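A short write-up of the structure that comes next.
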Ligand SMILES: Cc1cc2nc3c(=O)[nH]c(=O)nc-3n(C[C@H](O)[C@H](O)[C@H](O)COP(=O)(O)OP(=O)(O)OC[C@H]3O[C@@H](n4cnc5c(N)ncnc54)[C@H](O)[C@@H]3O)c2cc1C
Ligand SMILES: Nc1ncnc2c1ncn2[C@@H]1O[C@H](COP(=O)(O)O)[C@@H](O)[C@H]1O
């Protein structure tokens with residue numbers, strides 16, 4: 001039997017599909033909230049273990065991990081899988097530390113047997129690591145980019161039994177716990193914009209971003225930047241695209257004066273179309289982009305702004321007068 | 001406040017991450033080394049906390065003797081003491097790394113002031129296991145919050161904020177405690193010239209440990225497939241603007 005950790009009531013498709021390819025019997029772990037057994041049954045999950053404890057009313061990493069470690073000791077599953085989210089990774093790491101088990105994070109593929117052979121995504125996709133995981137219970141977090149085995153999604157709806165599990169916890173297990181929760185206010189503009197106009201060292205100064213702001217404004221997009229820009233204090237960190245910044249997938253990514261270091265690339269590589277503006281025709285960003293302009297961004301971007309403005313005024317004003325004439 | 005910061009020596013790769021012929025490792029012959037951005041923020045935060053509340057910042061790295069370069073960088077940023085942990089192997093797995101740090105902390109605090117706060121990066125810049133800090137905190141019986149983007153001393157504990165999913169979580173934790181922090185927590189300073197001089201002369205303590213190996217073994221590294229089509233150069237300089245706007249128009253974003 002293999003256990004999957006369910007967050008937010010929703011089973012994660014990659015996790016369930018991978019779990020079923022590793023073990024014919026898949027059960028789930030859920031904390032507090034109604035786990036939606038019918039939804040889980042559609043994924044072939046035959047039982048859900050609901051962890052209930054008054055000390056776990058608020059999210060507490062250590063307490064959640066300790067509860068999972070106790071459940072693992074009781075059930076002795078072949079492995080435990082969770083999505084590689086903030087909570088999923090953290091809960092498994094705490095459980096692993098407490099149970100004295102290894103943990104492989106950010107896996108994109110896992111092959112069963114003993115040991116498990118797996119592929120980890122390092123640095124958000126910069127490198128792939130082939131590794132072996134040997135342990136009595138194998139703990140793995142599954143990256144969103146995981147190759148979902150052909151076993152496939154929802155199938156015959158069976159029965160999913162619900163079992164309660166009350167762990168033995170003490171206040172020392174919840175010393176770190178959430179005391180307040182709020183909606184995220186910063187950094188969402190960049191993450192959801194369909195166009196991102198991004199600038200790196202080539203922009204040269206904080207003031208240099210004015211033309212990027214203007215272009216982004218015209219295209220209804222957001223401004224992004226490289227780590228050199230945040231490190232120099234030109235832009236706030238919430239604008240940073242990349243491994244340690246935000247990973248984005250806009251329709252269009254315009255990379256201006258950015259060399260295309262791997263740590264930046266993994267943050268923008270999911271963009272539908274990438275356009276590079278760079279003085280250096282040999283820059284990695286130019287080589288990897290779909291389109292490129294070789295030149296000084298301080299000349300190219302103002303010219304683009306002028307071009308867009310000119311076309312718009314043609315569409316509104318003059319076009320109408322031509323029709324009249 | 002006694003603060004310990006754990007930093008890892010990692011290759012500073014650029015446009016590509018070169019691999020050795022057998023794929024066992026990153027080919028570092030032409031690369032420099034650095035500490036990860038998260039860890040830079042951890043060092044900066046520690047230096048600021050000690051400047052505000054008194055105490056000492058100790059920086060520790062597990063790895064070969066060359067780690068001295070990264071420990072000295074942290075000293076140049078303002079840390080007070082440097083510790084090299086010799087775990088006797090080249091690239092230990094995360095359990096062994098955590099075991100090494102845990103043993104080293106016990107050695108360092110035997111008979112001395114215990115640490116009030118342990119700071120880690122949220123994940124190491126090369127391997128990114130997301131677990132060494134949690135394992136060390138668990139080993140030492142300390143509470144830990146990961147992914148921390150803001151941290152302040154509040155009463156006799158800490159108040160920490162982090163992003164999770166589409167929300168923000170606030171934690172309150174009593175000291176002693178640990179935190180794994182993310183870039184964006186602060187803007188790390190560049191080491192000053194006097195700082196660099198002081199760091200160059202500083203004496204580093206070496207602690208030898210023998211951690212148990214863990215159950216995760218790296219077999220091979222490989223480059224991900226890059227299946228993007230060849231680039232289309234639209235032109236040079238300002239003259240290329242109409243061609244770029246044509247492309248934007250085709251993509252429906254103008
Ligand atoms: C662990 C780790 C994590 C990292 N995470 C991130 C991250 O999240 N995001 C990130 O961006 N970086 C990250 N980095 C840093 C990364 O390795 C690079 O150092 C950084 O991306 C380089 O920024 P840049 O391209 O702006 O600067 P440079 O590499 O200096 O490139 C500047 C480019 O601008 C061009 N240029 C100069 N002047 C002009 C001009 N007038 N017009 C047009 N082009 C011009 C140059 O030809 C060059 O290609 C990370 C590094 C590490 C080690
Ligand atoms: N070799 C090491 N030496 C010192 N600290 C380390 C080492 N490896 C990992 N760490 C610390 O643990 C954090 C998390 O690492 P990881 O679990 O590999 O993602 C890093 O950001 C460091 O703070």
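Each residue, glycine too, has its Cβ placed from N, Cα and C.
Database features (TrEMBL):
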- A:13-151: domain 'Electron transfer flavoprotein alpha/beta-subunit N-terminal' (DOMAIN)
- A:190-268: domain 'Electron transfer flavoprotein alpha subunit C-terminal' (DOMAIN)
- A:201, A:226-227, A:240-244, A:257-264, A:278: FAD binding site (BINDING)
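Annotated features taken from TrEMBL, shown on the structure.
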residue	record	Cβ contacts under 8 Å, 6 or more apart
A:201	FAD binding site	A:226, A:228, A:229, A:257, A:258, A:259
A:240	FAD binding site	A:224, A:225, A:226, A:227, A:229, A:230, A:246, A:267
A:243	FAD binding site	A:123, A:124, A:126, A:262, A:263, A:264, A:266, A:267
A:261	FAD binding site	A:226, A:284
| message | Checking interface proximity: list the binding-site residues among A:201, A:258, A:261, A:264 whose CB sits under 8 Å from a chain B CB, in sequence order. | response | A:261
| remark: Taking all protein chains shown into account, the Cβ-based neighbour count within 10 Å for residue A:264 (FAD binding site) is 28
| task | Translate the DSSP assignment of residue A:243 (FAD binding site) into the three-state scheme. | result | coil
| residue A:258 (FAD binding site) has how many other Cβ neighbours within 10 Å of its own Cβ? | 33
| What are the DSSP helix/strand/coil residue counts across the domain 'Electron transfer flavoprotein alpha subunit C-terminal' (A:190-268)? | 33 helix, 17 strand, 29 coil
| task | Within the domain 'Electron transfer flavoprotein alpha subunit C-terminal' (A:190-268) only, compute the mean pLDDT. | result | 97
